[in-house]
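Asker: One structure follows; several queries about it will come next.
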Amino acid sequence: MSDLSTPLSRAPRRFDLNPKPLAAALLLIALGAVYLAQTVSGRQAALYIVGALLGLSLYHAAFGFTSAWRVFIADGRGAGLRAQMLMLAVGVVLFFPALASGSLFGHPVVGLVAPAGTSVVVGAFMFGVGMQLGGGCASGTLYTVGGGSTRMIVTLAAFVTGSVVATAHMPFWTALPSLKPLSMVTTLGAGSAIALNLAIFAAIAALTVLVERRRHGGLVNEAARPPRASPWLQGPWPLFVGALALVLLNFATLALSGRPWGVTSAFALWGAKLFAALGIDVASWPYWATRANAGALAAPVTHDVTTVMDVGIILGAMAAAALAGRYAPVWKVPMRSLIAAVVGGLLLGYGARLAYGCNIGAYFSGIVSGSLHGWLWLVAAFAGNVLGTRLRPAFGLEVERVRRTGC
């Protein structure tokens, strides 16, 4: 049985922080909100603030989809997966009634519902491998970039590149066999869909408990982290707090934008705008010729909801890292790790477009939208994570395991 206990008499650390990065992050958040309110709308400014709160929550709770799946695959520890099931359970209870009625607080709302088919299986599997090589998922890449990770800047650049390249190939992938978009909310009704989903979440959580107890003899306690004078401001937060924060902020996104939280469509947009600036005629590609995508390509990026939320996530995480006294970029990255970041980022970007989303848009928001493709994404991406976890040592990347003791 593993023993991760530490003495309980440690005094809280003093209020350490990195003042310059904190001031810069808060100033950029404030100025950005004012600018968006004046040039776009107050609603867009509010979504920017929601993004910043998401970044702070992700960082302080260290809410990683990638690491949670990896430690379960490699070491049978399921606390991270159980936190995700809690997040999804609260999510379906909040989202399904609103989506069934079609409105929230008097405003129309729709879910992220996409076809479940070949492209989702291939794309989610690629994304899963990319999660482990790149070192993060979509939300994880953003919040670790904001937290000062220079390696993840490389992953993000490759993520953007993979995303826009995938848009050039979308006619091929969308022509492959798939089911029509299917929502459990409309097919079963909100009540039955909630009951079915809660049963599945409970079964997955129970499975993680069973695996963890068989592997370790009991549930493994999280490694104790140094207590702080102001843990809610400086972190760390318990995983369940992070789960609740993310689902409530996703619900706020639904209320403000009319659809759930997404991340990676902005990466494709950024890449397309860069390609266009370099003289590549992306506007003629079928993906960018659709009305919605053509409008996004022609408009300023400040008008794109996903873009402003992504930037908010980066700045919110930067503020969180500075509050925790942990904003300290490391510029020297081993070559094998850099190669993994590039390969992983390309897989993440390409896979996300094929699968109609990432761990947020397809998995989290897809499932709380009742979309069948969200569940297909989960299965295929988990399989990709299994392969990605096995590949990590070849690139000099760690696979965490609890140290066994004789206790």
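Going from the start of the chain as shown, residues are counted 1 onward.
Quick reminder: no glycine exception, Cβ is built from N, Cα and C everywhere.
Automatic prediction, not curation, is the source of TrEMBL annotations.
So TrEMBL lists these for the protein:
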- 20-38: transmembrane segment (TRANSMEM)
- 45-65: transmembrane segment (TRANSMEM)
- 85-105: transmembrane segment (TRANSMEM)
- 112-133: transmembrane segment (TRANSMEM)
- 153-176: transmembrane segment (TRANSMEM)
- 188-211: transmembrane segment (TRANSMEM)
- 237-256: transmembrane segment (TRANSMEM)
- 268-288: transmembrane segment (TRANSMEM)
- 308-325: transmembrane segment (TRANSMEM)
- 337-356: transmembrane segment (TRANSMEM)
- 362-383: transmembrane segment (TRANSMEM)
Asker: Can we call the transmembrane segment (237-256) and the transmembrane segment (45-65) in contact, meaning three or more C-beta pairs below 8 angstroms at a sequence separation of 6+?
Answerer: yes
Asker: Select the range from 112-133, 188-211, 308-325, 362-383 that forms the most Cβ-Cβ pairs under 8 Å with the transmembrane segment (85-105).
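Answerer: The stretch with the most contacts is 188-211.
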Asker: Flag the pair the transmembrane segment (45-65) / the transmembrane segment (308-325) as in contact if three or more Cβ pairs fall under 8 Å (sequence separation 6 or more).
Answerer: yes
Asker: Any chance you could find the range in 20-38, 153-176, 188-211, 268-288, 308-325 with the most Cβ pairs under 8 Å to the transmembrane segment (337-356)?
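Answerer: Out of the listed stretches, 153-176 contacts the transmembrane segment (337-356) most.
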Asker: Does the transmembrane segment (268-288) reach the transmembrane segment (153-176) with at least 3 CB pairs under 8 A, where each pair is 6 or more residues apart?
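Answerer: Contact between the transmembrane segment (268-288) and the transmembrane segment (153-176): present.
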Asker: Cβ pairs under 8 Å with the transmembrane segment (112-133): which stretch of 20-38, 153-176, 188-211, 308-325, 362-383 has the most?
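Answerer: It is 362-383, which has the most Cβ pairs under 8 Å.
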Asker: Which sequence positions outside the transmembrane segment (20-38), separated from its termini by at least 6 residues, show Cβ-Cβ distances below 8 Å to it?
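Answerer: Distant contacts of the transmembrane segment (20-38): 44-45, 48-49, 52, 146, 148, 302, 308, 311-312, 315-316, 318-319, 321-323, 327.
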Asker: Could you pull out which residues elsewhere in the chain have a CB under 8 Å from any CB of the transmembrane segment (308-325), counting only those six or more residues past its ends?
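Answerer: Distant contacts of the transmembrane segment (308-325): 16-22, 24-26, 28-29, 32, 36, 44, 47-60, 139, 142-148, 228, 233-236, 253, 261, 263, 266-267, 302.
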Asker: Residue list, the transmembrane segment (362-383) vs rest of chain: Cβ under 8 Å, 6 or more residues beyond ends.
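Answerer: Residues 65, 69, 87-88, 91-92, 94-96, 99, 111-117, 120-125, 127-128, 131, 179, 181-186, 193, 197, 246-247, 250, 260-262, 352, 355-356.
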